[in-house]
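Only one structure is covered here, and it is reproduced in the block below.
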């Protein structure tokens, strides 16, 4: 059985000044006087936190590599070290650690002098979850994440980060890092210490 409830009749004062209407808008009126907190993107930019997991980059060889650990990995995979080029030693640890390994396309090339270099390093960001597992797995601190979060593109092809793009993002990040020292990820030495005690079976260079 439906119970009918009689509405309370409005007084003449409530009818004239729309008091019920004003009561309904009190939340709106209250917040209308508060300072706005909305960031009007893209006209306004935000500053990501220190541990923000943004677009990926490659650190290049610039003389700041943690020694002797970096040289040990270079000798292990017989890598040719070139100043200004990626630190990657083609160990494939990033691909093995990734929940979606299909996003990585990594190839090494053997030079006539017997040394090896990374020739292909593509990352399909359409498949990436930005979990950072690949960054943690990198033994030479080559792969890392920056504060870049504007990664929209018009085509699927533009969503693939090539080796050249990763190196360029890395150079730009290092230059900005000098001006913004507070926004720094885990230090190179700390990561190398973590991997120094890891007894994971490594693949042979010819298997990479």
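One is the number of the first residue shown, and numbering goes on along the chain from there.
Cβ atoms are placed via backbone N, Cα and C, with glycine included.
Features of the protein shown, as given by Swiss-Prot:
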| type | residues | note |
| --- | --- | --- |
| DOMAIN | 79-109 | domain '4Fe-4S ferredoxin-type 1' |
| BINDING | 88, 91, 94, 138 | [4Fe-4S] cluster 1 binding site |
| BINDING | 98, 128, 131, 134 | [4Fe-4S] cluster 2 binding site |
| DOMAIN | 119-148 | domain '4Fe-4S ferredoxin-type 2' |
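Here the features listed in Swiss-Prot are painted onto the structure.
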residue	record	Cβ within 10 Å
88	[4Fe-4S] cluster 1 binding site	26
91	[4Fe-4S] cluster 1 binding site	23
94	[4Fe-4S] cluster 1 binding site	23
98	[4Fe-4S] cluster 2 binding site	19
128	[4Fe-4S] cluster 2 binding site	20
131	[4Fe-4S] cluster 2 binding site	13
134	[4Fe-4S] cluster 2 binding site	23
138	[4Fe-4S] cluster 1 binding site	21
Chain-mates of 98, 128, 131, 134 with C-beta within 8 Å of site centroid, [4Fe-4S] cluster 2: 94, 97, 99, 100, 103, 129, 130, 132, 133, 135
Secondary structure of residue 94 ([4Fe-4S] cluster 1 binding site) (DSSP, helix/strand/coil): helix
By Cα-Cα distance, the member of binding-site residues 88, 91, 138 nearest residue 98 ([4Fe-4S] cluster 2 binding site): 138
Distance from residue 134 ([4Fe-4S] cluster 2 binding site) back to residue 91 ([4Fe-4S] cluster 1 binding site), taken between C-alpha atoms, in Å: 12
Candidates 128, 131, 134, namely the binding-site residues, that fall within 10 Å of residue 94 ([4Fe-4S] cluster 1 binding site) by Cα distance: 134
Pairwise Cα distance for residue 128 ([4Fe-4S] cluster 2 binding site)/residue 88 ([4Fe-4S] cluster 1 binding site) [Å, integer]: 20
Within the domain '4Fe-4S ferredoxin-type 2' (119-148), residues counted as helix, strand or coil by DSSP: 5 helix, 9 strand, 16 coil
Inter-residue Cα distance where the pair is residue 88 ([4Fe-4S] cluster 1 binding site) and residue 134 ([4Fe-4S] cluster 2 binding site), in Å: 13
